[in-house]
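The following block contains the structure, expressed as C-alpha cells.
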C-alpha cells in the first residue's frame, strides 16, 4: 500500500498538509534563498507555481539530495503511522460512495456507509491495541492523521446525506405521480368513448334501413322548412323536428322511433346514459354550436378548449375527444356528401361549395340543397337529430 500511494502525485511533498519544517530538523532551510529576478518588475517567474523546481535549480546538488531525503522520511513516517490503514480505509469508502451504484436489495451495498465505518473503527482499534499503540512518538504527526481521518469522515457523511436526499426526492416524486394522475378516470373515459363509438357506428349503419313512413315524413318536413320540394325518390332530407330523438352527445343519434313505455322511465334513461358515458345535453349543445360556427376550421385552440371546458363543465380531455369524434362523424360526412354532389354535376361556386351551400333551417338543422336540374332532389346525410344544437 505504501508503494501505491508513493506513485500518486499528490503525495509528492508535505508542504500542502501542514507539517512544519522543524518537525524533522530543518532540511528545507535552503528554500529561504530568493530566486534570481530576471525582470525589475512583477512577481518572480514561476516562483509560486513551481516552487520545488525554482529552488532546486538554484540549489547545489547536495542540497537537492537532502530535500529528497527529507521528503522520503516524511512519506515513510506517514505510511508507517499506526493510523494510516484506517485513513486508507475511509478514503476507499469515500471512493466507493461516489462510484458504486447503490442497490438496497443487494447484500453488501452498505459497505461504504458511515455506520459501517464506525464498525471498522471499533475492529481496527481492538486489533491495533493488541499489536502496537495507536499513536507514534510524534504528536504533530498524530494530530495530522486524526484530522485527515476526521475530514474524510465528514466527507463520507455528506455523501450519505446526498444519497438520502436523492432517495427521498425519488420517493416523493413517484408518490406524487401516482396520486395526482387520474389514471382510472382516463381509462374509464377511453373505455366509455370506445363503447359509444361502436354503438354510434351501428346506429349509423342502420340509418340506411329507415321505413318508408319516416322517409315521407322527412320529405314533408324539408318542404315546409326549406321551401324546396324533395321527391320521395331522392335521398333523405334532414329535418328540424323530433328533438326528443337526441340523446347525450348527439354525435350519432338514432332516428325517431315510436315511443314505448320503457322510454318514459327516467331511471332507465339515466342508467342508459350513464352506461354509455354520454355528456350532458347542455354541454353538447355548446360544443355543437361552436363546431357549426367554425366549420371551415373545426379545430379549437388550447385557449378555446379551456373556455369550452369551463362553459360545459367538462374536462379539456373530454372536450378534445368530443371534437375529434365530431370531425370524423359530422364534418367528414358533410364533406363527402358535398364531393358526391359535385361529382354528379352540381354547379360549383368559387368558394368550393355547391351553389346550394349548407342551408340552416332556422338554425335547427343543416341540409345540402342542389339547385338546377337536381332541385327536386333533397340531400340528406343520414344524420337526423344531430343539428339541434340550440
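A Cβ is built for glycine as well, from the same backbone N, Cα and C atoms used for every other residue.
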With Swiss-Prot as the source, which of 144-174, 299-329 is set down as region 'Interaction with DNA'?
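That would be 299-329, the stretch labelled region 'Interaction with DNA' in Swiss-Prot.
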For the region 'Interaction with DNA' (299-329), what are the DSSP-based totals of helix, strand and coil residues?
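Computed counts for the region 'Interaction with DNA' (299-329) are 25 helix, 0 strand, 6 coil.
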